[in-house]
Amino acid sequence: MASNLPEEGPTEQRYEWSASVPTERSPASTDDLPPAEIDVSSADMRIPPLQEKAHTLQDSAVASSDGRNGHATNEGTASEHSLPSSENDVAASLTECEGVATALIVRMEPVRPDIIQAVPAYEVVRRCGRVFRARNKHQHYSRVSFQTAKIEQFWSHSWHGPKWNKALTAIYLNNGMVAAVVATLVSFVLMFLHAYRFLPALRFGEKLYPSRSCWISVTCIVLYYMIMFLWRPQQKIFLDALCIQQGDSRSKALGLVSMGAFLRASDSLVVLWDPSWSRRLWCVFELAAFLHSRQLDRREVKLTIRPTMLGPCFISLPIALSYVMLALTFFPTEEHLQGDMEFIRVVVVWPAMGLLIFTGFYCSVVKLRAYFRYVQALEQDIGKFVVDDSTSYCCSVGHVRPDGGLLPCDRRVILQCIRAWFGSVENFEALVRTDVLQSLQDQLSREVFTYKQIAVSAMPLLWHYMDSAATIHYSYIVSTDDRPLFGTLREFIRGLAWAFGVVPVAVCIAVRLSYLLQRRHAWALCDIMGNLLVMFVIFLFVLGALVFELRAWEMDILGQGISTGLLPGSSIFSATMIAMSFVFFAIRYFALRSMCAFREKEAQGSLAWIDRFCQAWYAFILMALYFLQDGLADSDLATRRMEDEEKLQQRVDEIKDFVHLRGFFAFYGGSLGPTYQYEPFNWGQEDPVEHSRNLRDVLWMHPKSHEKQLQDEISRLVGWTSFAANKFSDFPPFPLAQAMPWGNGISVLGKFSQELEFCFMGGSLNLKGKGRRQFAKVCQLIWACDLRDLPLQGAVHGISTRSDTDLLQVFKAFPEDADVLPSM
């Protein structure tokens, strides 16, 4: 009966993967050290296993820093030089310790076989998620973990976020569905027992009060929350406080350097997100290690992200419904009231119901609006994700222990691991801002506030009407009515209508309004008015449902004189409301699905556009270099180039303007695949062909994150033309088909590059339509660079050319009515 987290529906995405931020307390530098942020130096790194690994693996760790962190590293180096010699020795020892830790983490293998530990999920959610709320009392927790080779779920969270929100979300995701199913099964048993008088009627007085029994409502709501908080889910999970021994500093450090192994052994990553998550460096590291492990083992990316406000939202809804239903149970009915019933209904009953709805659901609306603020903050955090915004404990205390000793830097270790896995920190950031963000949007749009979730939360309403059905049957057993089941069926059908029809539609409306009114206002009165507006719309809808139910009862479908106990009217009402709810959620589902498909199509279209433009741009650069190689033997041309550097620089600026006008860095959706660390090209020390491939892969993977580097590289590439003009004899062979990254003859780009190669090597060029226009742009660019005097050998589209034919004439020779190549 154990539930698997999450319960909302399929979440295994396959990827080759603020309005204001909530006002929860931000992590402060004085916060206690979370268990995940542990001191590497606390372990004796001179013990034989680690000492051996230090010598064999330290060279494989990527220790170079990128430009973003170079300044801080230089400052740290300068401060180290200012230390006394003994402190320098300590600093050097810490640096060596960081190198060993990096080497071990990068391998993503445990330092000991028994390091990989897991715990049953019930150890995390028991006692209302006490592990989240009492993180300084973990000495006895190490006994609950066990050795394993496979972990079902790795739970990533920040110890600095709201503790109760996180605990309630974990409890709801694990136990919410089980609690609803068990409580509903028990409700049917209780309904049978009470209907056939095995359970007494809890009603008193001459005019029986309350009007219906509350066996099912009270018992099931108590049972629902008992199961939710006491159920023992059995799936194997990893939680740092329970799976890493907290009492032994050496075991702590070994667990830290094996963190990559924990993530590699996990089937899925579950992120319990709050605003502090993306600001904690260890949380960022967990995401990076998980994504790298999927790529390393060629496994599906099973990433689930849930805002920690989700649990309070869904747990508060059954409480509110139970409160309203129990209050209505004890509310006097028309039998207990005297006077004009229509007047009493309009002046007393409905206003009282409105007050009950307001007091019962006000907190739920507050949580609902806060949830959407969380979601918007989450999307903004991931959409603008930068590793430098994340903090670590060691840096917040200046790398100084409470006793005055020095702490190793977690940041340096983690950044080195990210560079080793993704090529650069920027590549990882781009991956998070594209693939992870897309996965998040898909999950939040398709898997949260689904019909199933809302219907499960509305079960207290069904239990209320099951009480009414059982009470009616209880009374009919001793009566002379020959149709005792009509009233029972009527109440049960009404329960289906309200629980699975009215409430889902009302919640759907409330969700939409809360999304639109999510912004927190500076004045508390404005926030209250926003909550009241949502409540008022819900009240109007519920009032409309009540009026419609009354009108349905007035219909005489079967004719006069047939007693049906209002069953036909209730059936019409039930069928209408359930159909309406299906229509609402079907529209919502297909609208969200269309939106996700549109986003994906838009990203693919943008990528295809950049694909073509990258093709044209690289063709220009490489053809220019090829022409210079083949045509700069003319010393007069080289002399003219040296004398015309100012004009050449002007052409370079025009090229860069062209690149920006075409939106080269405007649209991009990343993808998983091999990545390369960006390095500038060193003339005479590096193969230009290999560097072209390297630069192309960086460009192709993450151009947004490399905009500055690519701009510099464009300047260098175009500057090489001037350099080659002056030093043409030093220009190495530069075969175009090898230099073009697509020169394999398989893809469209490969065909394009090979045909360009044939053109320049005496072959023929057969480009049509779009290909022709792209090549025309390339020709225009080369002509704009004043390279049009270079000779072109061979034939273009069957037109023979002389050796002195320039590119402008070749451009004009293209037929205007050319067809589009099928492959383009």
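Glycine is no exception: its Cβ is also placed from the backbone N, Cα and C atoms.
Fair warning: this is a prediction, and the values are worked out from it, not measured in the lab.
Under the heading region 'Disordered', TrEMBL lists 1-90.
The compositional bias 'Polar residues' annotation in TrEMBL covers 20-29 (among others).
According to TrEMBL, the compositional bias 'Polar residues' annotation covers 57-88 (among others).
Sequence-distant contacts of the transmembrane segment (172-195), counting only residues of its own chain at least 6 positions beyond either end whose CB sits under 8 Å from a CB of the stretch, comprise 1-3, 5-8, 121, 125, 201, 213, 215-216, 219-221, 223-225, 227-229, 231, 233, 270, 306, 310-311, 314-315, 456-457, 459, 462-463, 466-467, 469-471, 473-474, 488. Annotation source TrEMBL lists transmembrane segment at 172-195 (among others).
Taken from TrEMBL, the feature transmembrane segment applies to 215-232 (among others).
The annotation transmembrane segment is assigned in TrEMBL to 308-331 (among others).
The feature transmembrane segment is assigned by TrEMBL to 343-363 (among others).
The annotation transmembrane segment is assigned in TrEMBL to 454-476 (among others). Here the transmembrane segment (454-476) has Cβ contacts under 8 Å with residues 176-177, 180, 183-184, 187-188, 190-192, 194-197, 201, 203, 211-217, 220-221, 224, 314, 317-318, 321-322, 325-326, 328-329, 484-485, 487-492, 494-496, 498-500, 503-504, 507-508 of the same chain, all six or more residues outside its ends.
Taken from TrEMBL, the feature transmembrane segment covers 496-517 (among others). If you look at the transmembrane segment (496-517), the same-chain residues 6 or more away from its ends with a CB under 8 A from one of its CBs are 317, 321, 365, 368-369, 371-372, 449, 451, 454-455, 457-459, 461-462, 465, 530, 533-534, 537-538, 541-542, 545, 549, 570, 573-574, 576-581, 584-585, 588.
Feature annotation from TrEMBL assigns transmembrane segment to 529-552 (among others).
Residues or ranges marked as transmembrane segment in TrEMBL: 572-591 (among others).
The transmembrane segment annotation in TrEMBL covers 612-628 (among others).
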What same-chain residues lie close to the transmembrane segment (572-591): Cβ under 8 Å, and 6 or more beyond its ends?
446, 450-451, 493-494, 496-498, 500-502, 504-505, 508, 545, 548-549, 552, 555, 557
